[in-house]
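Asks: I have a structure here, written as structure tokens, and I will follow up with some questions on it.
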């Protein structure tokens, strides 16, 4: 039995970037029970993966794969003792991830991964690459992860990604798996690259059809900005916001705000000016389909629906501002305001004079600070109301207090 360090740990070390986790492959083991005898814990259904009792790192048995179905899970695995290290590495996605190291520290590189690291190329190991649709998302993620180092996708690899998409195998990926890879893509230094790659290989059409639909469309906004591509501009904005915050909820919701501009409000006097349902509910359908976590979904939903209201928060009535605070439940979740402050970056209608100083967000936080202490508990001590009476009277008190403080707000901000 031999054990080798494989994959990302070696790649990252060769790139001189921090090693996040280490994975191992076990070659030549006759009976998987030998691992259990050494106190490893077995996980995984399709093939045995063992967790080290002390380091908690993953040890996988060397294996080969044979396509026998569709999607990411349609494979038969052979993890018998005759499987060699080279056979195991050959099934991996990229050459830069198919490098191994033995116990003496010797690097084993059957597929020229080191050479591709030097050339900064993301290249598939073999043509079996095309059998797993998840690899389309993985390569998009690696492109985003390593783009700041100058890495790019090899032409033949991109062609195989397009081939996978043309076979419609992406449709067999579970929403959970799509979101997991997207989450990782959003966590990189350049998350906009993730979506650009998905579009370039036609994967966006299957994974995010709502975004893909608007990718090439241009829109008339005003006399100063006659035509703009909303999605591509939003990707530029996503790149900018990613330099300011690592919060993926902010990054993703910030990017998706372009949906608001797809459907211009027909009449400024309508209630849509407060919360614009049409783009918000289009987004909501996508969020539900992809089973995106509730907290992330709510932030995206609020930012899109309340986009215009928040862009004009300085002229809103006290009643509407308190109503907004109630809807987003800021009394129990004040951190949501810390996510909303980034809205000041994103305003198509002021592209020429954008200072990006978070003025609107600061104003919003200041407004909340003036009335946040008017809580249910403090109110109950002074009033003897019950049930809905408490809610209604508390709301009236907040609105009245806010009206009285409006002049103070203007003086402090300006």
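Each Cβ is built from the backbone N, Cα and C atoms, and glycine gets one as well.
For 8, 11, 92, 138, 141, the entry in Swiss-Prot reads ATP binding site, with the evidence type sequence analysis. The CTP binding site feature in Swiss-Prot is assigned to 8, 11, 92, 138, 141. Swiss-Prot lists 21, 23 with the feature Mg(2+) binding site, giving sequence analysis as the kind of evidence.
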Asks: What number of additional C-beta atoms lies within 10 angstroms of the C-beta atom of residue 141 (ATP binding site)?
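Replies: Its Cβ shell of radius 10 Å holds 23 other Cβ atoms.
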Asks: How big is the gap, in Å, between the Cα of residue 8 (ATP binding site) and that of residue 23 (Mg(2+) binding site), rounded to a whole number?
Replies: 8
Asks: Which residue, of the binding-site residues 11, 92, 138, has its CB surrounded by the fewest other CB atoms within 10 A?
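Replies: Each of the binding-site residues 11, 92, 138 was scored; lowest Cβ tally within 10 Å is 138.
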Asks: I need the most crowded of these binding-site residues: 21, 23. Count other C-beta atoms within 10 angstroms of each C-beta and give me the top one.
Replies: 23
Asks: Excluding 8, 11, 92, 138, 141, please set out which residues of the same chain place their CB within 8 Å of the center of the CB atoms of the ATP site, keeping sequence order.
Replies: 7, 93, 94, 96, 97, 142
Asks: Between residue 138 (ATP binding site) and residue 23 (Mg(2+) binding site), what is the CA-CA distance rounded to a whole number of Å?
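Replies: Checking the Cα atoms of residue 138 (ATP binding site) and residue 23 (Mg(2+) binding site) gives a distance of 17 Å.
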Asks: Considering each pair of residues in 8, 11, 92, 138, 141, all listed as binding CTP, report the largest CA to CA distance in Å, no decimals.
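Replies: Looking at 8, 11, 92, 138, 141 as a set, their Cα atoms extend up to 15 Å apart.
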Asks: Let's check the environment of residue 8 (ATP binding site): how many other CB atoms sit within 10 Å of its CB?
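Replies: There are 17 such Cβ atoms around residue 8 (ATP binding site).
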Asks: What's the CA-CA gap between residue 11 (ATP binding site) and residue 21 (Mg(2+) binding site) in angstrom, rounded?
Replies: 11
Asks: Which whole-number value in Å describes the distance between the Cα atoms of residue 23 (Mg(2+) binding site) and residue 92 (ATP binding site)?
Replies: 13
